[in-house]
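In what follows, a single structure is set out as structure tokens and then discussed.
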Amino acid sequence: MPGSTDRSPLPLAGEVAERASARRVRAQGLHISSVAPHPPIALSRDGPLPLPRAGEGKATGLKRAHFRHSRLPLLLLLPQLLVLALFFFIPALRALAQAFLLADPFGNRMQFVWFDNFRALLASPEYQSSVWVTLWFTLAQNALTITVAGLLAFATDRVIRTRGLYRTVILLPYAVAPVIAGILWAFLFNPAVGPIAHALQALGIAWDPNRNGSDAFILVTLAATWKHICYDYIFLVAALLAVPPSLLEAAAVDGAGPTRRFFTVALPMIGPTVFFLLVMNFVYGFFETFAIIDAVTHGGPAGATMILVYKVYQDGFVHIDLGSSAAQSVLLMAFAIILTLLQFRYVERNVNYDV
Amino acid sequence: MMTTRKKFVSGLLAACVTAGMAVPAWAQKVEVQFWHAMGGVLGERVDELVKKFNDSQAKYTVVAVNKGNYDEVINGTIAAYRAKKAPHMVQIYERGFMTMLLSDAIVPVQDLLTEKKHAIDWSDFIKPVAGYYTYKGKLMSMPFNSSTPILWYNKEHFAKAGFKDGPAPTWPELEKQLYAIKAKGIADCGSSLAGDYFWSLVENYSVVNDQPFGTRSKGFDGLDTEFVYNKTLVVQQVTRLKKWVDDGVMQIAGQGLNPEQLYTSGKCSTFFASTAAHGSVERNAKIAWSATYLPAEPGVTARNSTIGGATIWVLKGHKAEEYDAVAAFLSFLASPELQVWWHKATGYVPLTNKAYQLAKQEGYYAANPTREIAVLQLSRGTPTANSQGFRFGNFTQTTFALRQELEAVFANKKPPQQALDDAVRRGNDILRQFEKLHAGKY
């Protein structure tokens, strides 16, 4: 169009360069609001940095180009598949088969009982109570772990002089074996000899985890949390370090205090890490707290801390009721899968990976 | 590529074969495995015992391996059996009797020793021990470590409170004494609750007081036995224990603390526990300790108590000469001299009358009167159907149900009667499972 040079359909060179640099910045994980509204344009002509689109590499990617035969990849996978088969698939299938049997532990006598083991379990008040205990325990442990670890990670930046020591102290529990940790907690809180229990009693709290189920529940939740805080802490500190200081500084200039900066700037940016940790904490609460339960309460008193994985062990390896134990582990796996799926479905929705 | 792989595989095979053929020269002795559950000091005693046997002859070697606690030993044995690598001998607790008996995996001990021509006076085994492990007139496993609960007490505490004769013989009187000791500030607690209190304070309580525990002679007469302890004096006993716990007269040690320490340190005045605690009490106690019989209810003729502990089972599937070694070892165990040594070294009861007489003649009980209590208590009065041992299937599991329900009582979650009703209901369900699986086999 004559006379309208200012409205060129093609972007000017300077504009192109600006967009490209904005992309580069985005690629580094920054999000700058002034350039965000620009629609992404593929710059194939003279753009300095043509970035591949998402999914672009899939159709003609490495896989097809380099592995025309399917034998070599299979061969390379074989060791891993073998390990998986030996330690996961075969035992899982055997557990599944055992779940339908009423069997003598020596394996010399067995009856196929269809769903009797499952039916007995689901009807038993002890099992139902164990499901609830597991759920509350995992939720409490998860919330507590991520909150405390978040606080400690947030505080890391504010500890200046002894930061190394601070980090080391927080990471120490990870080096303690779970059983030892459990015994330490059990001893510290033992109503007859434990110093912390004595302090609580001096405050007028009738503390007795050996009798009182909720005391025992609090105790194992604290012990399990204490043991796992360091894990979450490492990830959160690393994630917070990746938050660009310029953003925080900009927010500070705008007058946001440290807490506001954390919640409105830093937290959304570390969303993916937090989500990852939530899933990992669930897995930890479900399966890895076994040693702590074993050392602190043995699932007692009266089943108040009998989480599902401990019940599987109790019924299978102490009471040698293999059918029920196998049925329980099948159900446990189902619960774990369902919970993880639910988390991906509902919690992950609120996680923004684009920043 | 194929050739290298073949080379590699054949090389591997060759290596395996060579390793398998490298039989050391000293293996001319027949070696047999003995898995046991004795840790700590008791484990050292077992090692000594096995050494005594290995030194006593030149043909056989017994290798003793500690496989953890009782639960771990029975589990390890089952896993090994299923992998066809079972040990020759294994120590299994009394609660595993029915599981082992009906497993089709064992060789009855009396049959084995008779077949191998070892002359053993089977009638000389003391009644409460032999009765527990005899099936159809024959001992199924070799009695090894048997004990019974007794009442341990602190002489000084009782004397200070004015009870010069020590604990009273009946429960109500003993209760008054323990409350008096606490009220006078002599001790923090009257009694420390042992980890196996269900054995000493519920099961043996029923036995001593002649209370029925289960129908069909507690399982001796058939797999269709049912628990009935929710209709006996046990309800009253549990109510009493709950009251003691509430009033701080009974202390639950809990995890992270050995209940025996509460007694040996002088914190609690009494301790209902196994006579096998002699070894550790003698070593650890800084108090003036003593022991006496379990109390009984007033008006009841106190009967014998029953045993706990373990026996040695012989497993199927080994070579004839290995069973020669097993038989030699078990017959060595039954000798009176060895029985006396074991009795003195561990605190377990002597298993034969001859061994008991021998210890008595040596003047052992005059010097150590508390060591005799278990033997005398086990053979006290005329046995009744209620005072013999227990023969329940899945006994570990039913006991656990009982323990959980008792914990619910101590936690104020259930009144004693309801908890015991629930324990009986859960226990009976478990017994029915066992009956269903083993129908017609007992």
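First residue shown is number 1, and so on along the chain.
Yeah, the Cβs are placed from backbone N, Cα and C, and that goes for glycine too.
Sequence annotations record features per position, and here TrEMBL assigns domain 'ABC transmembrane type-1' to A:131-343. According to TrEMBL, the transmembrane segment annotation covers A:72-93, A:131-153, A:165-188, A:233-253, A:265-284, A:325-346.
Packing against the transmembrane segment (A:72-93) from elsewhere in the chain are residues 333: each is 6 or more residues past its ends and has a CB under 8 Å from a CB in it. Residues of the same chain lying 6 or more positions beyond the ends of the transmembrane segment (A:265-284) and with a Cβ under 8 Å from any Cβ of it are 138, 141-142, 145-146, 149-150, 154, 224, 228, 231-232, 235-236, 238-240, 242-243, 247-248, 251, 256, 336, 339-340, 343-344, 347-348, 350-353, 355. Counting residues 6+ beyond its ends, the transmembrane segment (A:325-346) has Cβ neighbours under 8 Å at 92, 95-99, 101, 117-118, 121, 127, 131, 134, 275, 278-279, 282-283, 286-287, 308-309, 311-313, 315-317 in the same chain.
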